[in-house]
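Record features (TrEMBL):
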type	residues	note
TRANSMEM	46-67	transmembrane segment
TRANSMEM	73-95	transmembrane segment
TRANSMEM	115-143	transmembrane segment
TRANSMEM	163-192	transmembrane segment
TRANSMEM	213-246	transmembrane segment
Amino acid sequence: MVTANTQTQTGLGPDPRNKARVLTAPITPMIHSWLQRGYRDFRNNIIASGAYGLALVIISWLVLYLLGVSGLGWMILPVIAGTMMLGPLATVGLYRMSRRAQGMGGAGIASPGQLSLLGVVMMVLALLWIRAATLLFAVFFGLRPFAGFLETLPTLFQSGEGVALVLSGTLIGGLFAAFSFAISVFSFPMLLQREIDAFSAMGLSFNATTQNLKLMVSWAAVVTALVLICLLTGLLAAIVIFPILGHATWHAYSDLFEETHHDD
């Protein structure tokens, strides 16, 4: 059972739905509930959900191949991080499946234009991060030729320049990732469900994240761990993990922003 207090967000107009719930249930059971319901939706829509995961894997393999043959292997890690920022955009179809399962609506999108605008914002953030990563690489390694992704990995951890690049890249990339997560984790499902502008949705998502900070930091850590599992399996695990996370994110949104009841 979700336990929550309701707090009204300020500065976003008089709409009574402009509020987020502060979840007071223990963090671990809450996250387990989201994943459990996400898995249930995946199981009940296994062909459609699995197709999303398979499409993601195929596209990711293609992008990695093109980076490799183009001599841009050093961009693999920044591109992976940028792709994580765009993850919520790719899961809109999964949100729709979970919404139908909850009886909260059909296949329509309440704010399609604003959803597209939010997608553009997230793509700009991803491109800014990739550009920042390019500049960082140039700062620490100059114009020296890139030997290859696997060949360069030891250099990153065995040289002063490499360690500095890893540390600065982790710090700056973490800031990009945290901000992108906060403004997008709830705004994409919100624009699917409500007629609201993209920037108000981002503000509501950011406020909900900060008001449930411990819970959302824990959720972000779980998402990151599952993404690492996907990477360690050559992205094959993403066929299952990606759609489960998409469905679970919808349930996280509905717990914070919609008056819903669920069976765990």
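A Cβ is built for glycine as well, from the same backbone N, Cα and C atoms used for every other residue.
The list of residues near the transmembrane segment (73-95) in space but at least 6 beyond its ends in sequence, with Cβ under 8 angstroms from a Cβ of it, reads 41, 48-49, 52, 56, 60, 63-64, 67, 109, 115, 118-119, 122-123, 125-127, 129-130, 133-134, 137, 146, 148-149, 152, 169, 173, 176-177, 180-181, 184-185, 187-189, 192, 227, 231, 242-243, 245-247, 249-250, 253. Between the transmembrane segment (46-67) and the listed ranges 115-143, 163-192, 213-246, the one holding the most Cβ pairs under 8 Å is 213-246. Cβ atoms under 8 Å from those of the transmembrane segment (213-246) belong to residues 23, 27-28, 30-31, 34-35, 38-39, 42, 49-50, 52-54, 56-57, 60-61, 80, 84, 87, 90-91, 94-95, 98, 178, 181-182, 185, 252 of the same chain, restricted to positions at least 6 beyond its ends. With a threshold of 8 Å between CB atoms, the same-chain residues lying at least 6 positions outside the transmembrane segment (163-192) that come near it are 20, 77-78, 81, 84-85, 88-89, 91-92, 95-96, 99, 109-111, 114-115, 118, 122, 125-126, 128-129, 132-133, 136-137, 140-141, 156-157, 198, 201-206, 208-210, 216, 219-220, 249-250, 252-254, 256-257.
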